[in-house]
Amino acid sequence: MPAVVIANNGDVPEFEGRMTFSVFVCVVIAACGGLMFGYDIGVSGGVTAMDDFLKKFFYQVWERKQQAHENNYCKYDNKKLQLFTSSLYIAALIASFLASKTCSKFGRKPTMQLASLFFIGGVALTTFAVNIEMLIIGRLLLGCGVGFANQAVPLFLSELAPAKIRGALNISFQLFITIGILIANIVNYAVGKIHPYGFRISLGIAGVPALLLCFGSLAIYETPTSLIERKKVEQGRAVLKKIRGVDNVDLEYDSIVHACEVASQITQPYHELMKRESRPPLVIAIVMQVFQQFTGINAIMFYAPVLFQTVGFGSDAALLSSVVTGLVNVLSTTVSVVLVDKVGRRALLLEACVQMLITQCIIGGVLMKDLKTTGTLPNGDALVVVIMVCVFVAGFAWSWGPLGWLIPSETFPLETRTAGFSFAVSSNMLFTFVIAQAFLSMLCHLRAGIFFFFAAWIVVMGLFALFLLPETKGVPVDEMVDRVWKQHWFWKRFFNDEQVVEKGAVEMIHPHLT
């Protein structure tokens, strides 16, 4: 039984197609790019809680931890330690723009292969690092891998998937990120007692998903859109038939060809992005990334072991608590996979804003009341914090986490798709860097108030989603302009169709005036 695109209005033709085994294989292999990213998020926070790692590279931080009356909020406040985590994201920011060019010129598949090679090089350097300089250079290479993967994989998934299940398949990228975080947390917990090189095992295992992507990508198809865009028309039609599982792909093929013809007229896509009609998807793409980071999620996921130690858990217990939050993250992302193409994007985002706001306020309130500069939380309060962190992570995992990548990957027209999505990736990396670099210092200075800082941002993003974010459920990626942006109460003003019609009428009646 073929799956078809459910149109928002009856006069739009439906594209035939079904979920095929070929698409499944492509999705799983491509999503290993998310596994790389997720494992790195989890491992970087875990090793910074390991004494052997701190003694080797950040001795001052380790000394501060040994003090009898250490400051709960400031014991990890070290610029170099924050740079270890955040340097990756500066490299990813720059790499995303290079990846945009690679995606357009060579395709999504070679870009993913480059991502895996960068990542493998970074893993080698960080695993065998003997000084902080070698460690940071390795992180920069990892960042290049993340930048290339985060640019190529969501685009690959959105272009490969049938429109009816595009949301679910695209969210597999985020699902694999959460799986990567969980695996990293489990590995960190397992090797925490292996002295003095347990942290090197954690860092080295990051090469596994990179190898899976490197060799697995040899077996997957390039997207039909990328092939046709690069003038490989017959190959594009053949791949489209294979991934849709039907012979009649004429409507979708013609739609892609038309989009490619329009895109081929654009020689400077970044210049095109600055035009008025390109602003709606560009603004949405950038704002979604900013909001995703200002939920506070990466602060919690990067530094979960550190955070749990701050509220009174020992080192082993802190790592175990991170495993629990990682498991919640994975299970909750599957909720998004099931619901995103049924209830839509906006409903998930708005519900999660309420959930995350409540949990951030409770965490902040508990810490403000009971966690002083020294000492630990009472056991009951510490348990409340862990539960609230899990509820917060659950809300994020079925909303702003996966949809922060899904929505920008599906809303740009083809002529600005790779360039526009590079802005989304670079914005994500920039604000991830800002949060990663600033969180421990903010925790030191704002103390429990940091959670109210993030709560205020959640209010802003909820209002944005309510009034300015359009619904994109079930709309083919190459029909977003006509069926989404031109129909939205606010964004339609950026598409002045009346002037175009009037100009055409003038040219017909008074051709000498044009």
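In case you wondered, yes, glycine gets a Cβ from its N, Cα and C as well.
Per TrEMBL, domain 'Major facilitator superfamily (MFS) profile' is recorded for 26-473. Under the heading transmembrane segment, TrEMBL lists 21-39, 81-99, 111-130, 136-157, 169-191, 197-221, 282-306, 318-340, 382-407, 419-440, 446-469.
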Item to check | Highest-contact recorded stretch vs the transmembrane segment (169-191), from 21-39, 81-99, 111-130, 136-157, CB pairs under 8 Å | outcome: 21-39
Checklist entry - Is it the case that the transmembrane segment (81-99) and the transmembrane segment (318-340) have 3 or more CB pairs under 8 Å, with pairs at least 6 apart in sequence? => result no
Next on the checklist: As a test: from 21-39, 111-130, 136-157, 318-340, pick the stretch that has the greatest number of Cβ pairs under 8 Å with the transmembrane segment (197-221).
Outcome noted: 111-130
Next on the checklist: Let me spell it out: take the transmembrane segment (136-157), skip the flanking residues so only those 6+ beyond its ends count, and list any with a Cβ under 8 Å from a Cβ in it.
Outcome noted: 26-27, 30-31, 33-34, 36-37, 40, 83-84, 87-96, 98-100, 102-103, 108-109, 111-112, 114-127, 129, 166, 169-170, 172-173, 206, 210, 213, 223, 405-406, 408-409, 417-418, 421-422, 425-426, 428-429
Checklist entry - Which whole number is the mean pLDDT over the domain 'Major facilitator superfamily (MFS) profile' (26-473)? => result 87
